[in-house]
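Some notes on the structure that comes next.
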């Protein structure tokens, strides 16, 4: 309902300058009569306008107000909020989709550092591709260090780039007096690289012409300090297979597979592909309570066949610091077949590109 409030002038008793004693707001005042008439006319107009708007076919309309009147506005109801209301705690949740299994496949794994010496020969591309395909199946992290002599060939680089695994392509620049020491110096180049960059992981010497099972690389991550296992080897006569490596009681090394000829000469009867070790032994000997000593390297002054035992003697003191793997050392995880041919005769007309790939002639 409309309400009108007039504020009385504080000067209603004051005489006006024109000398009149009648207040402009008195009942008898002509201005009062004029205001009453105008107010009545305005009220009639608003009544008629409101009546006509009520008959108009509109769903809703704006309330037009004049500054002379104020209307009550509908306000939202006041809620009576009680103080003892407890709001449930808010929890964040992951909405699961139906028929979708949760996957938590991240596992912190040790890095496997595979060291492979290689050189130009007829089957080099085949060997590198075969080993690379096995390493692709090993769960990461895996670092493949491939070492060549004198120069890094573009053919080897192309194979490594196309393999899809993490690798480092190194070059050994050592001047050789005996070609048989080639692998020794190539492995030492990789050891220098690991020690200089403090690469953390399990180091494994994997020649490109050996045969490896996928299980072998999976067991490497179980090694703490030094691990070893038996290797099946094809005898030099190539008419029988022999074992070389540890005899184990569980994971404890208690003896060695060997023959009478080398039994008294070698301390540890292990093939180069039959052991792996923690890389921190190279650059953090204090971790293993080892005295600070010259860098651990293979020696080119040692006779062929004794490289393994002299190198291992720099890593461990005896069998008590070794770990036989897998449990019981009862599985053959890799083979050393000695099948490398000195000279491979390709059919007439075939092209050999730097001893890596054979190209058929175009007929």
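Cβ coordinates come from backbone N, Cα and C, glycine included.
These come from TrEMBL:
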REGION    1-33  region 'Disordered'
COMPBIAS  9-33  compositional bias 'Polar residues'
BINDING   209  Mn(2+) binding site
SITE      244  site 'Interaction with galactose moiety of substrate glycoprotein'
ACT_SITE  308  active site, proton donor/acceptor
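Annotated features, which come from TrEMBL, shown on the structure.
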residue: 209; record: Mn(2+) binding site; CB count, 10 Å: 20
residue: 244; record: site 'Interaction with galactose moiety of substrate glycoprotein'; CB count, 10 Å: 20
residue: 308; record: active site, proton donor/acceptor; CB count, 10 Å: 22
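Cα separation, residue 244 (site 'Interaction with galactose moiety of substrate glycoprotein') to the residue listed as 'active site, proton donor/acceptor', rounded: 12 Å. Note: the CA-CA distance between the residue listed as 'Mn(2+) binding site' and residue 308 (active site, proton donor/acceptor) rounds to 18 Å.
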